[in-house]
Amino acid sequence: MIGEPILRLQNIEMSFGNKQVLNGINLEVGKGQIIGYIGPNGAGKSTTVKLMLGLIEGYSGKIEIFGKDIADGDYTYKKRIGYVPETAELYDHLTAAEYLTFTGEMYGLEREEAEKKAYQLMFQFGLEHAFHQRLTSFSKGMRQKVLIISSVLHNPDLLFFDEPLSGLDANSVLVVKEILAKLAEEGKTVFYSSHIMEVVEKISDRIVLLVNGLVVADGSFEELQQQGKEGTLEEIFNQMTGFNQQVEIAERFVEIVKEGRVHE
Amino acid sequence: MNDFKSLRVLDAFRWIFEKFDIDYPIMRKLIQLKLTMDSRRIPAIFNGQKQKKEGNQFIKSLWLYLFYGLLLLTPFLFLRNQYMFASSILFTVLMFITITTMVSDFSAVLLDVRDKNILQPKPVSNRTLNAAKLMHIVIYLALLEGSFVIIPLAVGIYRFGIFYGLIFIVSIVFVSCFVVVITALTYLFILRFFSGEKLKDIINYVQIFLAVAVMVSYQVMAHSFELTQMNLQYTFTWWHVFLPPLWYSAFFEVLLNQDYSINMLILMACGIVIPLLMLRIYIKLMPTFERSLSKLMSDTVRTKGKSHFFEDWTSKILCRNAQERTFYRFASLMIRQEREFKLKAYPQIGFAIVIPFVMFFNEVRIDSLKEAMANENVYPLYFSALMIPTVVHLLKFSGAYKGNWIFRATPISNSKMFYSSTLKAAIVKLFLPTFALLSIVFIAMFSWAIIPDLLIILLVAIMMTLLSYVLLNGEVYPFSNSHELTQDNNTLKVLVAMVVIGAFALVHYLIAMIPYAKLIYMLILIIAVIVGWRLVFGEKKNHGHS
């Protein structure tokens with residue numbers, strides 16, 4: 001493990017009603033790492049991230065961020081965190097300028113500084129023309145860019161990116177990937193969850209695979225390959241989640257589509 | 001999905017819809033879907049704490065209308081055997097209630113564009129979509145009116161016979177049809193001729209206008225009978241043709257009293273022909289309506305930011321720290337820019353402006369104008385504070401409520417500042433302008449001497465804001481619940497608020513008789529506001545969520 005631990009999860013369990021979502025997660029993350037956090041739908045990825053951000057409560061176990069237990073009621077650790085949520089939900093009656101200035105200020109930036117920085121970052125994404133337009137008129141990709149900007153405005157040390165590339169075009173994906181690498185070089189820690197295995201494989205220093213609320217694999221891509229699993233991350237993912245029925249499922253699926261009467 | 005009783009009733013009218021080229025099975029499914037969604041309203045996950053019970057809040061609030069019906073309508077049936085007066089009052093009240101709910105609660109449904117992306121790509125005609133939307137409203141309206149008139153109807157049948165009841169039901173159908181279509185047509189007209197951002201603003205002004213118009217016509221109606229003469233004799237004047245309640249009262253006069261005079265027949269004809277004609281026009285224009293609705297989603301290209309001078313200035317005066325100032329500005333923007341919020345809040349402003357004048361002139365009718373002016377009667381201004389409970393309650397909601405993760409993800413020391421600054425923004429952005437306008441007019445009518453009274457009323461309004469928050473919202477994060485059709489009962493809130501405000505007004509009235517007591521009262525209010533605000537929103541040392 002390199003550098004000081006930024007984040008430490010100890011035996012985290014969480015359930016919604018009767019449904020146990022996390023079954024004892026243990027994880028330690030050091031400075032300057034890019035963690036690829038992967039797992040099938042419903043494995044508990046977003047829940048873990050939301051717990052660490054304090055968006056949901058009621059877990060058991062211990063979460064330490066920047067060396068402090070987040071349950072002790074001290075909110076200040078959030079100042080050093082940036083977050084891009086999985087669903088691009090934002091108060092979209094506001095213009096990009098208004099929303100970004102607002103979030104920047106909430107993280108303690110001065111207003112002028114927040115607005116200036118937001119504009120410059122929008123400019124880098126080629127969105128300066130839309131700076132004063134309402135977010136309702138933004139496309140999925142544009143919203144995603146606004147969210148990415150809002151997560152880094154305050155120069156955080158720890159970033160939680162939940163599916164940050166969704167809706168972005170190929171060129172923007174390249175840019176964001178490059179940005180992530182640069183941020184890690186600067187000593188920032190990036191906690192990155194995604195379903196796009198190619199990207200995770202390429203950018204992550206370390207990959208954590210979550211299945212049914214448990215960490216089943218943890219290590220660099222090379223380490224995962226050495227554990228006797230071969231091929232791409234996608235193939236490793238399929239193996240480790242015990243999934244090999246794609247061909248049968250696809251065949252049956254199309255059969256059902258073809259069944260029944262034909263609509264004109 | 002449930003099969004709703006209201007849908008089975010609707011099935012009986014299937015032939016009508018098919019005659020108008022509407023795909024009935026699809027429309028039925030759409031309405032079923034909407035009704036199912038209405039019955040499954042549960043609060044957003046993030047708002048945890050108390051889980052409200054599932055169920056359609058609107059249906060649960062209907063008993064209240066039953067009570068209103070008993071209170072507001074039934075007495076008129078015991079007036080002498082003079083249909084014209086009794087029934088026109090009855091229809092006026094009925095129309096008043098219908099239009100106001102239509103404008104404030106159902107406008108959002110009528111102008112809803114949220115499901116456009118889901119429904120538009122499916123093979124459904126615009127005509128059917130719009131019919132479903134309209135029928136969704138009609139079902140609720142029918143339930144509301146049904147509970148409102150059921151007691152008066154029973155009393156009416158008992159007193160005047162079954163034939164009376166039949167006419168009553170038929171005229172209510174016509175009245176409702178008239179109200180729904182006239183509202184829809186008004187919006188259609190606006191949508192047709194304006195576009196983009198301007199349209200969004202204009203729609204809100206139209207709401208204020210409608211609210212004012214309804215209030216004023218209600219007064220005109222009451223004055224068309226010379227109440228002071230006590231004989232309640234009805235005499236026809238040409239402009240009565242423009243008063244819909246009289247059309248329907250004429251039904252009774254013609255059919256029950258066999259009054260076949262030309263005036264009565266004209267009124268009755270209006271009552272039948274005009275709604276049908278408008279319905280015909282509306283159906284013809286329906287596709288245009290849906291098409292124009294998409295204008296509401298667009299944003300005109302703007303490259304310059306608006307100046308926020310006013311917000312900056314007021315935030316510096318009203319907020320103590322940077323976080324609060326930030327959130328104050330955010331709340332101001334939400335209040336100014338969120339369409340759904342404005343759709344529901346702006347009619348309240350309309351009422352707040354007009355009710356004080358209505359009350360004042362009612363006074364004038366009893367006293368003479370001169371006397372009323374000499375009295376420096378500022379108490380009608382208390383009625384403007386009636387908007388506060390509704391507006392405060394609306395602050396809970398937002399069309400983009402899911403964006404509220406941002407409040408939790410950011411490092412905020414005192415989470416109570418969210419509402420504290422939101423309430424301040426609501427007072428400054430909504431109540432103050434309204435009250436300032438009223439104050440100017442009242443100062444012009446009386447004299448500068450009423451300024452202490454105005455200040456007292458303002459302080460009471462601030463108190464009301466705080467009280468409303470504690471009683472109606474009492475949660476941590478504003479703009480965090482989904483807007484919905486008819487979440488709670490507005491009228492009940494207003495009723496409670498009326499009692500509280502009435503109490504304040506009474507205290508004010510009594511205080512005014514003692515010299516210098518006003519100043520002391522004002523001081524007490526100032527202290528009460530400050531202490532109250534501290535108590536509710538003050539920072540406690542160790543508070544944590546657990």
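Any Cβ shown, glycine's included, is placed from N, Cα and C.
Worth saying up front: this structure is predicted, and the values here are computed from it rather than measured.
The feature transmembrane segment is assigned by TrEMBL to B:62-79 (among others).
TrEMBL lists B:85-113 (among others) with the feature transmembrane segment.
Feature annotation from TrEMBL assigns transmembrane segment to B:134-155 (among others).
Here TrEMBL flags B:161-190 (among others) as transmembrane segment.
The transmembrane segment annotation in TrEMBL covers B:202-221 (among others).
With a cut-off of 8 Å between Cβ atoms, the residues of this chain six or more beyond the transmembrane segment (B:260-283) that come close are 20, 127, 171, 174, 177-178, 181-182, 184-185, 188, 236, 240-241, 244, 246-251, 253-254. Per TrEMBL, the feature transmembrane segment maps to B:260-283 (among others).
With a threshold of 8 Å between CB atoms, the same-chain residues lying at least 6 positions outside the transmembrane segment (B:343-361) that come near it are 100, 103-105, 107-108, 111, 203-205, 207-212, 215-216, 219, 335, 372, 377, 379-387, 390-391, 394, 430-431, 434, 437-438, 441-442, 483. TrEMBL lists B:343-361 (among others) with the feature transmembrane segment.
Residues or ranges marked as transmembrane segment in TrEMBL: B:381-401 (among others). Long-range contacts of the transmembrane segment (B:381-401) within the same chain, counting only residues at least 6 positions beyond its ends with a Cβ under 8 Å from a Cβ of the stretch, are 44, 114, 331, 334, 338-341, 344-345, 348-349, 351-353, 355-356, 359, 419, 422-423, 426, 430-431, 434-435, 438-439, 442, 454, 457, 460-461, 464-465, 468-469, 472-473, 475, 478-484, 487-488, 490, 493-494, 496-498, 501-502, 504-505, 508.
Taken from TrEMBL, the feature transmembrane segment applies to B:422-448 (among others).
Remote same-chain partners of the transmembrane segment (B:454-472), defined as residues 6 or more beyond its termini with a Cβ less than 8 Å from a stretch Cβ, comprise 378, 381-382, 384-385, 388-389, 392-393, 419, 423, 426-427, 431, 435, 439, 442-443, 493, 497, 500-501, 504, 508, 518, 521-522, 525-526, 528-529, 532-533, 536. Positions annotated as transmembrane segment by TrEMBL: B:454-472 (among others).
Sequence annotations record features per position, and here TrEMBL assigns transmembrane segment to B:492-513 (among others). Panel annotation: around the transmembrane segment (B:492-513), residues 61, 64, 379, 382-383, 385-386, 388-390, 393, 453, 456-457, 460, 463-464, 467-468, 472, 521 of the same chain, lying at least six beyond its termini, place a Cβ under 8 Å from a Cβ of the stretch.
According to TrEMBL, the transmembrane segment annotation covers B:519-537 (among others).
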Chain residues in Cβ proximity to the transmembrane segment (B:134-155) (below 8 Å; excluding those fewer than six residues from its ends, i.e. six or more beyond): 6, 10, 27, 30-31, 34-35, 58-59, 62-63, 65-66, 68-70, 73-74, 77, 90, 94, 97-98, 101-102, 106, 109-110, 165, 168-169, 172, 176, 179-180, 184, 485-486
